[in-house]
Ligand SMILES: O=C(CO)[C@@H](O)[C@H](O)COP(=O)(O)O
Ligand SMILES: [Fe+2]
């Protein structure tokens, strides 16, 4: 069954708790939290304090996407704040096995993410160790960008490796996801769809989530 992870980057930050409860009632599976440092990506968002503040407002797993340099320095703080998944960019991790282990040692599920221009081969040798593979379908930094369709081939490639090696990680996609692009991704093997503007910029979030999941065509 396809999962949906609304990205709070497109929510109203002045009422985050209410926004999160709205998408939880609307059928969200995870809450996606975009952490940006102004170095790895050209934008600055939130830190562990906000993760800690939103944690009591939902029962859903918090899916924390770290777009930061030196993630090892901050992983313990995000885990302590209540992150369920912590996902790091391969591009920021010279010692990727060590970083993935650090996430697990801190009690969170471990994810790895690559940018659209990074080949899947860069994460092939870490796949045995992760709970989640996030394939960016835009260049990270902002909500509301256009889906990069070349990434679809990469979803297929990672899904094929997963099947051949009988691994259990989830494949998540992030950026420019709407009804049309969701279907391309789930057909290629994606299980979890991150959607920011396609959910939070709509008046009826429940309806928006339903439309994306139905368009993805794997509702059961
Ligand atoms: O990580 C990011 C952006 O860097 C995302 O999670 C965005 O928040 C997705 O927003 P939409 O493209 O769905 O509006
Ligand atoms: Fe994200």
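Using N, Cα and C of the backbone, Cβ positions are placed for all residues, glycine too.
Remember, TrEMBL labels are computer predictions, not curated facts.
Fair warning: this is a prediction, and the values are worked out from it, not measured in the lab.
As annotated by TrEMBL, substrate binding site applies to 7, 65, 141, 142, 143, 144, 174, 175, 176, 196, 197. Marked as divalent metal cation binding site by TrEMBL: 32, 34, 65, 174. Marked as active site, proton acceptor by TrEMBL: 34. Here TrEMBL flags 174 as active site, proton donor.
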Compare the Cα of residue 34 (divalent metal cation binding site) against each of the binding-site residues 143, 176, 197 and report the nearest.
143
Max pairwise CA distance, angstrom, over record-listed substrate binders 7, 65, 141, 142, 143, 144, 174, 175, 176, 196, 197:
17
Taking the center of the Cβ atoms of 7, 65, 141, 142, 143, 144, 174, 175, 176, 196, 197 at the recorded substrate site, which other residues in this chain have a Cβ no more than 8 Å from that point?
9, 10, 34, 138, 140, 145, 194
Please check each of the binding-site residues 34, 65, 176 and report the ones with a CB atom less than 6 Å from an atom of ligand 2, ordered along the sequence.
34, 65
Give me the Cα-Cα distance between residue 141 (substrate binding site) and residue 32 (divalent metal cation binding site), rounded to a whole Å.
14
Give me the sequence-ordered set of same-chain residues, not including 32, 34, 65, 174, with a C-beta within 8 angstroms of the centroid of the divalent metal cation site's C-beta atoms.
5, 7, 9, 33, 63, 87, 134, 194, 196
Can you check which residue among the binding-site residues 34, 174 has the largest number of Cβ atoms within 10 Å of its own?
174
Any same-chain residues 6+ apart from residue 7 (substrate binding site) with CB under 8 Å of its CB? Would you list them in sequence order, or say none?
32, 33, 34, 143, 174, 194, 195, 196, 199, 200
Can you tell me the CA-to-CA distance separating residue 65 (divalent metal cation binding site) and residue 197 (substrate binding site), as a whole number of Å?
17
Chain-internal residues, separated by at least six, CB under 8 A from residue 197 (substrate binding site):
10, 143, 144
DSSP state at residue 143 (substrate binding site), helix/strand/coil:
coil
I'd like to know which of these binding-site residues, 141, 143, 176, is least surrounded, judged by other CB atoms within 10 A.
141
